[in-house]
Amino acid sequence: MIHPGHILFLLLLPVAAAQTTPGSCSGCGSLSLPLLAGLVAADAVASLLIVGAVFLCARPRRSPAQDGKVYINMPGRG
């Protein structure tokens, strides 16, 4: 369950971001376009790898039939 304090923090985060003055970061450099594109591409690849791993782990596995027999539930036979 999410703690109510966390929800309040998430709601107030845009307000705090709006209060900061632009250029208040000392020593921060701007990101070049190739670096930004590389970060976005790496994030997309990492996301696809995570989705693939979850898909492989979550899909149902087929159990092999024993001795070539398949069990079929047929009431009344027995």
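Backbone N, Cα and C atoms are what each Cβ position is placed from, and that goes for glycine too.
What Swiss-Prot records for Y71 is phosphotyrosine. Taken from Swiss-Prot, the feature region 'PIK3R1 binding site' covers 71-74, and the record attributes it to similarity to another entry. Look at Swiss-Prot and you will find 1-18 tagged as signal peptide. According to Swiss-Prot, the feature topological domain 'Extracellular' maps to 19-34. Swiss-Prot lists 56-78 with the feature topological domain 'Cytoplasmic', giving sequence analysis as the kind of evidence. As annotated by Swiss-Prot, transmembrane segment applies to 35-55.
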Per-state residue totals over the region 'PIK3R1 binding site' (71-74) - DSSP helix, strand, coil: 0 helix, 0 strand, 4 coil
For the residue listed as 'phosphotyrosine': intrachain residues, at least 6 apart, with Cβ closer than 8 Å: none
